[in-house]
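Annotation source TrEMBL lists S-adenosyl-L-methionine binding site at 278, 316, 317, 344, 345, 372. What TrEMBL records for 472-483 is compositional bias 'Basic and acidic residues'. According to TrEMBL, the feature domain 'SAM-dependent methyltransferase TRM5/TYW2-type' maps to 189-455. The feature region 'Disordered' is assigned by TrEMBL to 462-483.
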């Protein structure tokens, strides 16, 4: 009798019936219900009182009950329901090998066993299948069908009633069921230790506490969920945030490229999406090189550079960043290789950097200046104009600069080169390389321009040292990433 089901479904498909899924379910129930006991010798779980039951093999597997729409306080029990999924009856002796071959179509759900017992049989098991992949015996690929034949398993689908609860649902399914229809559903976040950091849109804010609870429930290890508000501190590179769910412990511990960092996420800036960029720049360094990190943060460039055998001078204006930078140097046992400063970036260039640079340039090791403050760093390049006395302008080891900037132009590479050239008062055309770091937002790229500081700039008679040396005051602006 079960062989009739795929024929019915095939017929409905060929007739291009708009309500084919509904009719398919109805016909399946009519055909299969009278003699279910004889055709499905399976332990069938009965739906519990108050639960919905779907009588057909729904390719979407789960359809949320209408009462969850608009929910702002999470009620997990309301999400429970019973669904029907396809299954294959498989002899125990070939089960393990068969499961490996059918892993692409086997049911994969949080907390759900895809192999279940068959009532009254010790020799067979049921392998539950994903209804989105398998709706009829013809759904199996040629390779999968051949495997079934080789193990002597009939391509006959059986129906299994499966109880789904909130714990078996994915975060996207829960949020899609709760948020108003037709609006964007977000389940993406940045993970910073035990903290999940989200950027919610305006229409999602009424549901922020529920969203936070769902993210915490569905992601082991996340014990705090925060939402970024619309205030950015451009000077200190941290942002205002609110706790949506969980504990209010903002001190995070993260691992990046084999190193450990600890910091107060509410007081400093950390972007987990930049680990590849940190690794790329550090790979350019050699043992014995010197690194001058103008906007060091909590040390994602400075500390791995020190571990690589470089001498590092690391600076940050934010007192909290400076404190955690020192902490992380000790944590990673590089405090003897890193000298830290708590200065404005321009003051660092005109002070410690200017003082140490002449000696560094007389050596053979490379000198690297890292300027990772993409919202402002390009504007700081003018601090290198006339930085050193012209009497030092001999054959010297000129420093290499890696300066970051955002661009919203159609040609971001051209844009950052032109802006860097304007700040230096010297054209870098053909004298630099530009690396696309990442796409920050639609039509907004983060770029890194690398170049050797020209002699004409470093030993120029023009100097900006008499200008104001403070970084701009914090600005209120739209909610955007600053790193």
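Note: Cβ is positioned from N, Cα and C throughout, glycine not excepted.
Residue 278 (S-adenosyl-L-methionine binding site) counts 21 other C-beta atoms within 10 Å of its own C-beta, drawing on all protein chains shown. Taking a C-beta cut-off of under 8 Å and a sequence gap of six or more, residue 316 (S-adenosyl-L-methionine binding site) has these contacts in its own chain: 295, 296, 297, 322, 325, 341, 342. There are 26 other Cβ atoms within 10 Å of the Cβ belonging to residue 372 (S-adenosyl-L-methionine binding site).
Note on residue 344 (S-adenosyl-L-methionine binding site): other Cβ atoms within 10 Å of its Cβ, all shown chains, come to 20.
In this structure the residues listed as binding S-adenosyl-L-methionine are 278, 316, 317, 344, 345, 372; their two most distant Cα atoms lie 22 Å apart.
Cβ contacts within 10 Å of residue 345 (S-adenosyl-L-methionine binding site), excluding its own Cβ and spanning all protein chains shown: 25.
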